[in-house]
Each structure stands twice: as structure tokens, then as C-alpha cells.
Amino acid sequence: MRLPILIINFKAYREAAGKRAVELAKAAEKVAKELGVSIAVAPNHLELALVAASVDIPVYAQGVDVEKAGAYTAHVALENLREAGAVGVILNHSEAPLKLNDLAKYVEGGKAMGLDVVVCAPDPLTSLAAAALGPHAVAVEPPELIGTGRAVSKYKPETVVKTVELVSAHFPNVAVITGAGIESGEDVEAALRLGTRGVLLASAAVKAKDPYQKIMELAKPLVAAGPP
């Protein structure tokens with residue numbers, strides 16, 4: 001995982017369905033190349049292989065619910081993700097929470113397969129517990145702010161700061177990123193100033209009238225943040 005990073009979660013938005021997922025990913029790819037920054041996209045499972053085959057930037061899966069491929073109807077296994085072209089996976093998003101034992105298995109399994117592993121958590125202490133599992137990054141996202149336009153970096157900066165302090169002190173090799181309500185370049189800049197190494201966002205980019213321009217705005221603060 002190249003840091004700092006902007007991760008765009010397509011969720012199941014109609015604006016990022018089918019060919020629109022590729023168009024959105026290509027807009028992100030264009031910005032990444034023009035600015036020289038790290039941008040990853042997380043399309044819906046249905047579009048994952050299509051997007052992965054269409055762009056050169058990192059493509060992450062939005063989640064997983066089976067460790068190994070096999071007779072699991074309507075499930076998605078870690079092996080399936082890798083075969084589809086994913087290079088990373090987001091785990092334990094508040095919209096797709098996991099039991100601790102499953103989360104631990106998926107973190108270990110994902111890393112063993114060479115996937116970037118990002119674990120979401122709602123608060124500093126849970127983020128610390130998630131970091132103990134050894135992912136590449138934890139994304140602290142207060143669920144009450146997700147999708148509200150009220151950026152965590154402005155409305156709950158203490159949550160971000162505490163998470164950075166705890167994780168950095170105990171698991172310095174685990175990056176802290178943040179999300180929830182991120183809508184603007186200013187929000188991203190504020191998050192980076194608080195000590196994070198990136199942001200995870202969705203609707204700000206996916207629902208933008210001009211995704212390219214919006215992603216450009218959101219990604220520009222990464223340039224100044226520079227490598228670790």
C-alpha cells in the first residue's frame with residue numbers, strides 16, 4: 001500500500017454501476033497519474049473484475065465473507081477477489097460488520113494472498129484492537145457521520161487524533177486513515193493534518209456531477225502530504 005492514499009468506495013450506488021464504474025475508475029486513474037498520488041477504488045463485487053481489467057490503479061474489494069473458495073452459494077471468498085483482479089480488501093465497514101474471529105481470519109488470509117488489508121473501526125479503542133490483528137491500515141469512521149457531509153476531521157477531530165496516537169504508539173507499522181462525511185479537499189487536508197495517512201470516502205466522488213474534477217480536488221492534499 002502506497003501512502004498517503006485516497007480510497008474511493010463505490011458502495012452499491014447506481015452512479016457507479018456497470019460501465020459507470022469503469023468511467024469513475026478511469027477518472028480516478030487520470031487524477032492519480034496527473035498528480036502522482038496514490039488512489040485506490042473499491043467497486044461493487046459485480047463490477048470488480050471489469051474495473052480491475054480497465055485501470056492500472058489499485059482496485060480493492062468492498063468486503064468478503066468466506067475465506068477459501070468452495071461450495072458457498074452467494075458468498076465471496078478471498079481467493080475469488082484475487083482471481084478477479086483485486087489487490088486489496090476493505091473489512092468490517094459499518095455497513096458490513098464482521099465477527100472478531102472472522103475478521104482475524106480474513107486479515108491473516110488476505111495478507112497471505114498479498115492483498116492490501118484495510119480494517120474499518122468506529123472509534124479509537126476499536127481501531128487499536130483492529131490494528132492488533134495486523135492489517136496494513138485501519139480506517140477510523142464514526143458511523144453516525146458516514147454519508148452526512150459532516151467530516152470526521154472537522155466534527156470529531158479528537159477521535160482521529162486519539163486513534164493516531166494509540167495505533168502509532170502500539171502498532172507503528174499499521175497506517176491510520178479516516179473517513180465519514182469527507183466531502184471536500186479541505187476535509188482531506190484537515191484529516192492529513194491530524195496525522196492520518198489517507199482517507200476513505202464514497203459519495204463525495206461517486207455522486208459528483210463531475211467526478212474527475214471532484215477527485216482532483218480531493219486528491220490534491222495528498223501531494224503536499226508526501227510519502228512517509
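First residue shown is number 1, and so on along the chain.
Yeah, the Cβs are placed from backbone N, Cα and C, and that goes for glycine too.
The secondary structure of Gly181 (substrate binding site), as reduced to three states from DSSP, is coil rather than helix or strand. The substrate binding site annotation in Swiss-Prot covers Asn9, Phe10, Lys11, Ile146, Gly181, Ala202, Ser203 and rests on sequence analysis.
Counting only residues at least six positions away in the same chain, the Cβ atoms of Asn9, Gln62, Gly63, Cys120, Glu141 sit under 8 Å from the Cβ of His93 (active site, electrophile). Mapped onto three states, the DSSP output places His93 (active site, electrophile) in coil. Swiss-Prot lists His93 with the feature active site, electrophile.
Counting every protein chain shown, 27 other Cβ atoms lie within 10 Å of the Cβ of Glu141 (active site, proton acceptor). Taken from Swiss-Prot, the feature active site, proton acceptor applies to Glu141, supported by sequence analysis.
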Field: Collapsed DSSP category at Asn9 (substrate binding site)
entry: strand
Field: List of residues, in chain order, with Cβ under 8 A from that of Ile146 (substrate binding site) and at least 6 apart
entry: Ser94, Glu95, Gly179, Ala180, Gly181
- prompt: Whose Cβ, among the binding-site residues Asn9, Ser203, has more other Cβ atoms within 10 Å than any of the rest?
  reply: Asn9
Message: So if I measure Cβ to Cβ from Phe10 (substrate binding site) and keep only same-chain residues at least 6 apart in sequence, which ones fall under 8 Å?
response: Ala16, Ala21, Leu24, Val41, Ala42, Pro43, Asn44, Glu47, Gln62, Ala202, Val206
